[in-house]
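K.L.:
Here it is, the structure in full.
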Amino acid sequence: MHSSGGFQKAIHGHALLLLLLLASGAETFRICAFNAQRLTLAKVAREPVLDTLVKILARCDIMVLQEVVDSSDTAIPLLLRELNRFGDSGPYASHSSLLLGRSTYKEKYVYLYRSHEAEVRDSYMYDDQDDLFTREPFVCWFSLRSKVLPSLVLVPLHTTPKAVETELNALYDVFLDASGRWQTKDVILLGDFNADCTSLTKKRLDDLVLRTQAGFHWAIADGVDTTVRASTHCTYDRIVLHGELLQSLLRGAAAFDFPQSFGLTEQEALNISDHYPVEVDLALSWAVHGVQPPCLATLWLSLLLPLLAPQLGLVA
């Protein structure tokens, strides 16, 4: 029979083992959005810019790029090629919208995603019959290697600063359209919403349908700075989650301060973008490997039973 001290040490050791077991399943699935500020082939071809972009992208399982203005369709293939050469982060694939906009200036939405973790199940350009959006959302339904969350829908939007309120209220209709089309509640709205500072006052922000309607969680909270310049402090870029299951899997949300992480000066960072990427982490790792997360009580019992059996006289 264990002595009291020995038993306590054994309990302590098994508790540590339990934590290690739980931690081994604690890797997360990261979804990001990044306004890459007028991304062209000329910009991507600059080595310092390309290197930094690759390091930013390699942190994400799914990335939605905005302000891709490359009409030659060569910038993303170059970026994708270098991303797939970077360490063991890949393989990545891409899925792009058409060029969008009302004038000669047009942008694309581009999804970059780890193809062994996610795949595009379906996608469509929102039918903006009332022409409320300057760049209508390019909605994408992803299948995930997860039994916890087999699929989710992403709805990106880069608003125009002069019509932020109109576009963000119309984004609720896009949510309803996508949710109804694919019969899912697990939807993420994300992108450069311009949802702060002079583009959208706090009062107007709080009156948005996406703020007053129940069921939406603004993961990138008000007050988080998503801008690179030291002279600005605005929460322009947002990620909004809908769906109880999806929200229950949220483990973190942040703006990624890439200048600080990569040791860049402000000017060096501005060569990349004047925005930080924003990101959410979802706890899908057990399911990514095809295994459901074990119940905490089950883990405790499996670890403690060998210790408790002698104490309870259960040993034959």
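FYI, residue positions are counted from 1 along the chain as it appears here.
Every residue gets a Cβ built from N, Cα and C, even glycine.
The active site annotation in Swiss-Prot covers Glu107, His158 and rests on similarity to another entry. Taken from Swiss-Prot, the feature disulfide bond applies to Cys197-Cys234, supported by similarity to another entry. If you look up Swiss-Prot, you'll see Asn271 marked as N-linked glycosylation site. Per Swiss-Prot, the feature signal peptide maps to 1-28; the stated evidence is sequence analysis.
Would you situate these features in the structure and describe their surroundings?
P.N.:
Cβ contacts within 10 Å of Glu107 (active site), excluding its own Cβ and spanning all protein chains shown: 22.
Counted within 10 Å of its Cβ, the other Cβ atoms near His158 (active site) come to 23, all protein chains included.
Mapped onto three states, the DSSP output places Cys234 (disulfide bond) in coil.
Asn271 (N-linked glycosylation site): 14 other CB atoms within 10 A of its CB, across all protein chains. For the recorded site, Asn271 (N-linked glycosylation site), the DSSP three-state label reads coil.
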K.L.:
Quick check for the class: what is the C-alpha distance, in angstrom and rounded, between Glu107 (active site) and His158 (active site)?
P.N.:
9
K.L.:
Given the disulfide-bonded residues Cys197, Cys234, and counting only Cβ atoms in the protein chains shown, which has the most within 10 Å of its Cβ?
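P.N.:
Top count of Cβ atoms within 10 Å goes to Cys234.
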K.L.:
How would DSSP class Cys197 (disulfide bond) in three states?
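P.N.:
In the DSSP reduction, Cys197 (disulfide bond) maps to helix.
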K.L.:
For Glu107 (active site), what is the secondary structure state per DSSP, taken as helix, strand or coil?
P.N.:
strand
